[in-house]
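Worksheet: the structure to be examined is printed underneath.
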Amino acid sequence: MAVFKTLTDADMAIFSAGLVAGVDEVGRGPLVGDVVTAAVILDPNRPIAGLNDSKKLTEKRREALFDEICEKALSYHVGRATPSEIDELNILHATMLAMQRAVAGLARTPELVLVDGNRSPAFTHQGLSLTSHSIVKGDGLIASISAASIIAKVTRDREMDALDAAYPQYGFAKHKGYPTKAHFDAIAEHGVFDQYRKSFKPVKALLER
């Protein structure tokens with residue numbers, strides 16, 4: 001299938017394919033917190049300049065685009081899977097579940113779902129089965145996936161900032177829950193709490209000591 005690098009080209013796809021939802025995830029690698037996904041249906045009549053893979057944008061730019069996406073999108077929804085669901089299902093299946101929840105929560109029914117990466121779960125919306133495709137590095141190629149990556153990234157980063165306020169000794173505002181040396185040092189000193197993913201090897205090893 002064609003890959004569209006600009007919003008103008010994506011608009012053309014929307015006109016031919018109907019409503020297109022972009023889906024992306026953030027937070028598969030961290031040791032703590034939910035895996036967060038987002039689904040976004042952009043409005044071709046209200047283009048958003050500067051959409052890109054959220055990891056390639058500054059925090060200030062992501063925050064500005066987050067607000068613009070929320071204002072201009074036809075629909076968007078955040079889906080998540082909790083640490084307990086990640087431990088029960090494994091991170092891959094929990095991520096697929098979170099993506100399904102994001103699409104199911106959209107206020108509009110998309111005719112096509114485009115997912116960043118090389119895997120796509122089966123999507124339904126209000127009882128209807130949806131066509132979906134996965135696109136490797138789609139968050140840098142497809143406007144709606146870029147928008148979804150920004151919504152998911154800003155949402156999860158804000159949650160890590162809130163967790164940092166509650167547990168400042170762990171440094172979540174800096175490492176966002178990822179397995180850095182500073183994070184390992186913090187959990188070695190302070191232990192883990194209920195939002196940690198207990199099936200992840202570093203956490204599991206600590207609990208088994």
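From the backbone N, Cα and C atoms, a Cβ is placed for every residue, glycine too.
The C-beta environment of Asp116 (divalent metal cation binding site), restricted to residues of the same chain at least 6 apart in sequence and closer than 8 Å, consists of Gly22, Val23, Asp24, Glu25, Ser134, Ile135, Lys137, Gly138, Asp139, Ile142, Ile145, Ala148, Ser149. Positions annotated as divalent metal cation binding site by Swiss-Prot: Asp24, Glu25, Asp116.
The feature domain 'RNase H type-2' is assigned by Swiss-Prot to 18-209, with sequence analysis given as support.
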Listed binding-site residues (Asp24, Glu25), ranked by Cβ neighbours within 10 Å, top entry: Asp24
Extra residues within 8 Å (Cβ to Cβ centroid of Asp24, Glu25, Asp116), divalent metal cation: Val23, Val26, Thr37, Ala38, Met99, Val115, Gly117, Gly138, Asp139, Ile145, Ala148, Ser149, Ala152
